[in-house]
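Student: Let me begin by handing over the structure; questions about it come next.
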Amino acid sequence: MSRLFVVLVLVVAAAGLLRWRRPAWYWLTFGIALATLRVLVRYASVMEACGLTVPPPRWRLALARMANRPAPASRAPRILRLRPTRTGLVLRLGLRPGQDAFDVAASCDRLRHSFAMYGVTSREIRSGVVELRMTGYDVLAQVQMPVKVDRTPMRVPVALREDGAVHYRDYRTCPHALTVGATKSGKSVYQRNLVAELATQDVALVGIDCKQGVELFPLARRFSALADNPDTAADLLDALVTHMEGVYQLIRANQRITADIPDAEIAADIWDLPETLRPTPIVLLVDEVAELALFATKEEEKRRDRIITALARLAQLGRAAGIYLEICGQRFGSELGKGITMLRAQLTARTAHRVNDETSANMAFGDIAPDAVLAAISIPTDTPGLAVTGDSTGGWARIRTPHTSMRQAVNACNRHAHRTAELPGLAAFRPELPPTVSLVKIPAPTEAPASA
Ligand SMILES: Nc1ncnc2c1ncn2[C@@H]1O[C@H](COP(=O)(O)OP(=O)(O)OP(=O)(O)O)[C@@H](O)[C@H]1O
């Protein structure tokens, strides 16, 4: 294997020397080949220096003693697979008896320095097999998503991870999400990117934008319902709860048929229903959620309780009915009143952009991944969009969304406007759209304008 790479690097280098001016992809390939070679050549010595080797088995020592030969060297994990990627390398290692995935994870920083890589992360694939992802440069400095990403229903790519992998928002695995971050940290761009991706799927988008609609109303052509103030939001959420109850009735009606047919799958959520009967899944996006929870008068307090109760019910029961929550705000903690922490507990996927204090980071990760708290507060101010994401498994990673401008998001929504679902229960909240403007060709002036 290493001989093959030596040949590869020499061929690439020779071609480069023949003509120095080469396109960027050429130098990228050359860099990756060089890094691969470096890892292969240094592998055994680096593993030994990092304490990731085990002594040879007794039978080999005994054999060496009997044959009067030098004792065999300690053994590093076996390389099962080596895959060069666009951003570096992926190394799959088979652990020897006595080796531990935790030891490899703890040595990632040492491996990074020893192999002269920008970043090294490890994860256990299965018992005895660990994957090391190495990146040759800071992939989050300028996010470039790979050309080929894996888009499946209700699973969309939203960002790049620091190890070069694509970060997906998978609604079937983590139905509800919370995104927090200080002002100007990149929450709206994250949400805009999510909308642009969801726009291409057969999903109904419902939005509550408490910034008077500045973020979501330009994307209105792809939204089935929108609210831009807490009063409309309260009515919209009540309508969504009624819709959810209707979907549950539909699932029950269908269960009665399948229960009578032996061996037929019994529907427990909308994904078990036949496609012809399946209601369109809904993603509810809430921007600046704290605005919904603040109140100054008795009337507003009643409205707040109504909103939080409806959100909590949707978070508890919405998944089976195909209703998914995407909640976004600067802070989302107990100081917003009763019911907030109960609601937060249902929001499994957590993303924290730059936050100014530990308390805000704790709101996202305190209850699921305490070491991610430190990572979230150390995000620098000059990298908006950089975030820490985690879920209830306790794992977390640094991610950054590609910079999606409002124009790009509007274009994506307009292009897929025909997918906008008509939800009868939410018809009252369908945004009113001006007729599509067709650009009239302005006739060219017949005379040249008078010049001064
Ligand atoms: N992924 C990104 N890459 C590059 N720049 C970004 C990224 N995300 C956000 N930005 C920049 O950061 C600025 C702030 O982003 P954004 O409006 O999303 O912040 P925000 O958290 O929603 O702020 P606020 O809470 O004040 O509305 C934007 O001008 C945008 O250009």
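Cβ from N, Cα, C; glycine included.
So TrEMBL lists these for the protein:
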type	residues	note
DOMAIN	163-362	domain 'FtsK'
BINDING	Gly181, Ala182, Thr183, Lys184, Ser185, Gly186, Lys187, Ser188	ATP binding site
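How buried are the listed features, and what sits near them?
Tutor: In the three-state DSSP scheme, Gly186 (ATP binding site) falls into the coil class. Long-range Cβ proximity for Gly186 (ATP binding site), meaning a same-chain Cβ under 8 A and a gap of 6 or more residues, is found for His353, Arg354, Pro384, Gly385, Leu386, Ala387, Thr401.
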Student: Under a threshold of 6 Å between Cβ and any atom of ligand 1, which of the binding-site residues Ala182, Ser185, Lys187, Ser188 are retained?
Tutor: Ser185, Lys187, Ser188
Student: Using a 10 Å cut-off on Cβ-Cβ distances across all protein chains shown, tell me which of the binding-site residues (Lys184, Lys187) has the largest neighbour count.
Tutor: Lys187
Student: Taking all residues of the domain 'FtsK' (163-362) together, what is their mean pLDDT?
Tutor: 89
Student: Using the Cβ center of Gly181, Ala182, Thr183, Lys184, Ser185, Gly186, Lys187, Ser188 as the ATP site position, which other residues in that chain lie within 8 Å, going by their Cβ?
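Tutor: Surrounding the site, in chain order, are Gln330, His353, Arg354, Pro384.
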Student: How many other Cβ atoms are found within 10 Å of the Cβ atom of Thr183 (ATP binding site), counting all protein chains shown?
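Tutor: Other Cβ atoms within 10 Å of Thr183 (ATP binding site): 8.
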